[in-house]
Amino acid sequence: MPNFAGTWKMRSSENFDELLKALGVNAMLRKVAVAAASKPHVEIRQDGDQFYIKTSTTVRTTEINFKVGEGFEEETVDGRKCRSLATWENENKIHCTQTLLEGDGPKTYWTRELANDELILTFGADDVVCTRIYVRE
């Protein structure tokens, strides 16, 4: 079983602004979000298939608790409430599909994968994909 536990700092980010654009976030809010999310701090606790993930930026902190294979509620990148289901895509990668609780929007998901001592986080909105690479602190 892979060990996602630890504190992580972001090393690189690709397509975050494009992702927010695909989610319908206006230009002013995108500018603030991109600046605020430029140095997120991520804490992950793991007990087998049970995960706690806390992501902190200068303007927002999110926390999720979930068990792989069981549905849970969280928020999309742009703050809309959704029902999510995380599954193991392979032995080192979790894939989570999100379904909005209200309204319409693009199909969203996230993945977290361990590879070469890095945590690779992807967010997707329809065909737009944002990739963020983290290293352990």
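In case you wondered, yes, glycine gets a Cβ from its N, Cα and C as well.
Taken from Swiss-Prot, the feature motif 'Nuclear localization signal' covers 21-31. Across the motif 'Nuclear localization signal' (21-31), DSSP helix (H, G, I), strand (E, B) and coil residues number 7 helix, 0 strand, 4 coil.
ILE133 (all-trans-retinoate binding site) is surrounded by 17 other CB atoms, counting those within 10 A of its CB over all protein chains shown. Summarising the annotation, Swiss-Prot assigns all-trans-retinoate binding site to ARG132, ILE133, TYR134 and lists similarity to another entry as the type of evidence.
The Cβ of ARG132 (all-trans-retinoate binding site) lies under 8 Å from the Cβ of MET10, SER12, SER13, GLU14, PHE16, PRO40, ILE120, LEU121, THR122, PHE123, each on the same chain and at least six residues away in sequence.
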